[in-house]
Amino acid sequence: MTDTTLVEAGDPAEDAPEWPMKRDTGCPFDPPPGVRKLLAEKPLSRARIWDGSTPWVVTRHADQRALLSDPRVSHDGLRDGYPHISADFKFLSMAQPSFAGQDDPEHGRIRRMVTLPFTARRIEAMRPAIQKITDELIDGMLAGPKPVDLVEALALPVPVRVICEMLGVPYEDREFLQQNNNAMIYRDTAQGDAQKAAIAQAMYLKELVGTKLGDRGDDILSDLAVQVEAGEITQDDAAGIGMMLLGAGHETTANMIALGTLALLENPEQLAEVRDSDDPKVIVNTVEELLRYLTIAQDTVRRIAAEDIEIGGVVIKAGEGIVFPLNAANWDPDLYPEAPDRLDIHRANARRHLAFGYGVHQCLGATLARVELQIVYSTLLRRIPTLALAGTLDEIPFKHDQIAHGVYELPVTW
């Protein structure tokens, strides 16, 4: 927090910049230059989003933590003034509400229904299964022709197979589900197409929950079916929860696998250290540093003030939206004074990043993502020690049109 004189927010500045800001294509790992400028010069400011409204943009790590843990900051997307990502996201929040978009106590009540499978103990017990999936996919890479698209061959299949098994979703339906998910998260999806995809996804999951009512398995959707029968939630609620877990459970992890591998390939000395080390702490800290450095969920955390809140010498009034660019907080020199713009797998406080958000809405699957990344990076580099980029960095198609950063393809060879 800063010691500036307390001021109240009046009308938004006429020169509020457009949001989201564009990345510099020559620096694909970096936050947009405009975001870095706000962090350095105006850490609490306004920006203009798609509907013409001007929510607050909070860039400093300390301010983000303070607000994301403040009960006066609401995640209720139905509140007037909530800064939705797009018109389609606004529609989705109203048509298919999820517990992730609710406040306590309702958020906590629903979250507790799905927490058990994501506890550290449960996830650690899944390591052998995740290792087996990873080895099978790398076997396929080694047996096939080169170059290989790492996204298609490894980065996407690992988290998709894992989350499908956890949810009880048939893996053979993955293409249908992935197409719908893509339509919902692309910034440039034609208005209405995301809505159609969301409806199709919700109907699919609602029907699947219906089948679980009479034929339960050892999976999350079956657990939700029990709650439906008990009258704790509706079948639509269960479908909405499943939809959120399905999307969040694979998209960001798939992007991290591919983009993190690319970042290591661009830092060969650090890659070699990760590959050759027998110390498990090395891969653990490498994953934390990659999460900090890349911050896949670059523009997903939005909130609204439920009451007037003073922070950093500014009053954010009730009903005003707040945008949290996590990539700015994770490059904040106040927390990371030593070259935050560089990858450093030995960074001592890397784990203090906000890549999974913060507060009661922190990512439910954070432990799962960490374990998947640890297994995939270490196994890939150990089994293919000469892994290399097949082409040049400027040929890689980056996901600049999505709310989650990543690459569409990553051709590799060895």
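Glycine is treated like the rest: Cβ placed from N, Cα and C.
Per Swiss-Prot, the candidate among HIS75, HIS84, HIS346 that belongs to the heme b site alongside HIS107, ARG111, ARG303, HIS361, CYS363 is HIS75. Residue pairs drawn from HIS75, HIS107, ARG111, ARG303, HIS361, CYS363, the listed heme b binders, are separated by up to 18 Å at the Cα level. Counting every protein chain shown, the Cβ of HIS107 (heme b binding site) has 18 other Cβ atoms within 10 Å. Cβ contacts within 10 Å of ARG111 (heme b binding site), excluding its own Cβ and spanning all protein chains shown: 18.
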